[in-house]
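What TrEMBL annotates here:
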TRANSMEM  28-49  transmembrane segment
DOMAIN    42-253  domain 'G-protein coupled receptors family 1 profile'
TRANSMEM  61-80  transmembrane segment
TRANSMEM  92-121  transmembrane segment
TRANSMEM  141-160  transmembrane segment
TRANSMEM  198-217  transmembrane segment
TRANSMEM  238-258  transmembrane segment
Amino acid sequence: MNMVAFHQNSTDFILLGLITHPTFPGPIFAVVFSIFLVAVTANVVMILLIHTDSRLHTPMYFLLSQLSIMDTVYICITVPKMLQDLFSKEKTISFLGCAVQIFLYLTLIGGEFFLLGLMAYDRYVAVCNPLRYPLLMNHRICLLMVVGSWIGGSLDGFMLTPFTMSFPYCGSRKINHFFCEIPAVLKLSCVDTSLYETLMYACCVLMLLIPISVISVSYTRILLTVHQMNSAEGRRKAFATCSSHVMVVIIFYGAAFYTNVLPHSYHTPEKDKIVSAFYHPHTNAQPTHLQLEK
């Protein structure tokens, strides 16, 4: 990048927020802050409960605690800034701050993609191979799953963040979003980014295919096993074990499919902002999972 482009990119961006120029920012702040507080509290309580209760020291809950950690960090890098901007006249975010936000959300979203896929494998082993569960899901394998999820997510961040921030942004600095999401940032570039966007979407689709394949195979095997069960109680327990995870997967991957797969003609700034909010609603679905299994 030449010095002119660097100088252009070194200035602040302006985040227009979830709702541009809200008439009543107070009630919006109260609602968003309440949801934020409930989500963070639910995750923190769950992490502490899993850590302190020896009955929950199992692979499933270990993976669930890691998912809660990822979710909490993701919420904390997007929502507080959005709340601050509701009452701020400037609504600015620095070039470096925007780059850090992009890297972190890519890492966390990518990590959750992989972790949700591996959690489906955990459910497959629990339902289809219960006698081999302690061997196939031992502590070492669980650690490898978690480390692999974090590394897989960070690779996405390391690849896409430098390229995104290297484009010259010499026009409007107003990002029509509540955080620095790549498609919203690229709209401000004064050069053609269509080739990069195509390659980026292809990368994201390939990244989605890996966990989706694991989830599809795992739940196909689970359904076949459940279908062969003679006990109605066994079927009920199997569905209870998997229902919460399936609900989270549908919401999370549905939002990801909209963002990364659907053509640009289906996108509008308003839809993109609403769908982005669905990357972390699964927080409140997870306690159901915990209650069902206890």
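Placed from the backbone N, Cα and C atoms, the Cβ positions cover glycine too.
Counted over residue pairs 6 or more apart, the CB atoms of the transmembrane segment (92-121) and the transmembrane segment (198-217) come under 8 Å in at least three pairs, which marks the two as touching. Long-range neighbours of the transmembrane segment (198-217) within the same chain, counting only residues 6 or more positions beyond its ends whose Cβ lies under 8 Å from a Cβ of the stretch, are 110, 113-114, 116-118, 120-121, 124, 152, 156, 159-160, 163, 182, 249, 253, 256-257, 260-261. Taking the domain 'G-protein coupled receptors family 1 profile' (42-253) as a whole, pLDDT averages 87 in the prediction.
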